[in-house]
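Residues annotated as transmembrane segment in TrEMBL: 16-35, 66-94, 106-125, 131-152, 172-202, 214-235, 255-285, 291-311, 318-337, 343-362.
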Amino acid sequence: MDQAYSSSSFLKKYKIIYIAIFIIFGLIGFLMPLVGDDLNWGHDFGANYFSQGTFLYYDGRYLGDLLVILLTRFPIVSFVLYGSAAVAISYLITKIYDSVTLKHDDSIITCLTAILLLLAPKGIFSQTWGWHAGFANYVPSVIFPLYFIYLISKHFGKLNESISNSKIRTILLFLAAIGSQFLAEHITILNCFNALVFGIFLSRNFSADFKRKYLKWITLGNFLGALLMFCNGAYVKILLGNDKYRQVGGQSNDFINYLGGFIASWRSIFFVVIVFILLISFFYLKNTKLNLINLVLVVDIAVAVLPFIVISPFGPRCVFLSFVLILALIIINMGAWVKIENFWILSICCLGLLFLGTRFTLIADDYRKSYEAARTYCEYQNALPQGSRNQYFVLNFKNTMYLWMENTDRDKTFQSYYLRPLDKTMVPVKYEEWRPYLQDLKRNIKEFDQKIINNHK
């Protein structure tokens, strides 16, 4: 026990796990190539988005759109934002756990959270960590709901609590409450729901200071932010049915099909696990604050996806918040049942994080190299004398399991940017057919080209 406590204290003192999480997720963001509409955001569309007033009628995700423009233009920004978002999510779940259980297994909880973020289902991973535009709107937007839940867990039941907040902190809180509404519409709705519903029903369980210095500014900021988001011209078009991509009304078949597929698969066991966890916690632990946080988590898990019953389009990225809240629910309750501060558990978690971090960093690096190779080879073929070739050889990825795009030979956005002209016959080149010659591509592209041609005669 002393050994475990010493190791955990060392890790906490020097923030080593947070540094590791920052580097791992930062590298994933830095290495992941631009896919799908990332290319549009990284080129003229993104460059002119604010200056030409496109943002006034495109959508109300003003902060998310700004982030994706920065992410697609500056790889170092991707490194910082990916790493910071993962650290923030891990930190907040750890703080909620600490507030509820009063235990100090911080290093293990933080490590477990990061591991489970990496082990997200492939559909969710590919549309968040594997797609800069998806990340910009759906990952940072998770942070404010987690922060709100943390505030509830920290201040619940402290009726005589005195809180000292400087004017600067109050202003920052208010601005954060507004800014958190400019990322994803369903989370904008959730933030308003949390501030209003939990603020009303749980009001008597908080001190007057908390309500005056936290809850008031969060509520005002969330509702002002929601107003600024939804007054965007895009939502008028959507409500009138004049938007070809987004719709309100009727059933969202994508969401219903996704939910049905989830329930019908082996993953439905998660529902059983969650129900089991909640029942055990409620009847066995008799922890009022834990039961409250469980209730908040379950309600938020549901409220975060309910809009997609009538709103489309829908994709796995839309359940990222619900996925994170499910992780929080499982981790917090499992940690409340047993004392997990153990040297061997901590060691296994750290090794697991390093192993998975290395694995996903290598996957992202291979995607980057494949993308750059495909782009370079396309540009070489574009520069060939006109009429010298009536076909394009397009290099494919090894797979696209963790990347939000079709393979290169089927990706219309990639082709529209890097193939000129588009009327030539397209010949897909499998990963295993070109990867052994990657050094030739860098050293002598003509030699690489000849090998590809010879392999397809």
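Using N, Cα and C of the backbone, Cβ positions are placed for all residues, glycine too.
Contact between the transmembrane segment (172-202) and the transmembrane segment (16-35) does not hold: fewer than three of their C-beta pairs are under 8 Å, each pair 6 or more apart in sequence. Three or more CB pairs closer than 8 A are found between the transmembrane segment (318-337) and the transmembrane segment (106-125), so contact between the two stretches is assigned (pairs 6 or more residues apart). Most Cβ pairs under 8 Å to the transmembrane segment (66-94), among the stretches 16-35, 106-125, 131-152, 291-311, belong to 16-35.
Only residues 6 or more beyond the boundaries of the transmembrane segment (106-125), in the same chain, are considered here, and those with a CB under 8 A from a CB of the stretch are 7-8, 11-12, 17-18, 20-21, 24-25, 86, 89-91, 93-94, 97-98, 267, 315-317, 319-320, 323-324, 327-328, 331, 335, 340-341, 345-346, 349-350, 352-353, 356-357, 360, 401-402. Here the transmembrane segment (131-152) has Cβ contacts under 8 Å with residues 29, 32, 34-38, 41, 61, 63-65, 67-68, 71-72, 78, 81-82, 85, 88-89, 92-93, 95-96, 99, 176-177, 180, 183-184, 187, 190-191, 194-195, 198, 202, 210, 214, 218, 292-293, 296-297, 300, 304, 315, 317-318, 320-321, 324-325, 328, 403-405 of the same chain, all six or more residues outside its ends. Residues 10, 42, 71-72, 75-76, 78-87, 90-91, 107, 110-111, 114, 117-118, 129-132, 135, 350, 353-354, 357, 360-361, 364-365, 367-368, 370-372, 403-405, 411, 414 of the same chain lie 6+ residues outside the transmembrane segment (16-35) yet bring a C-beta within less than 8 angstroms of a C-beta in it.
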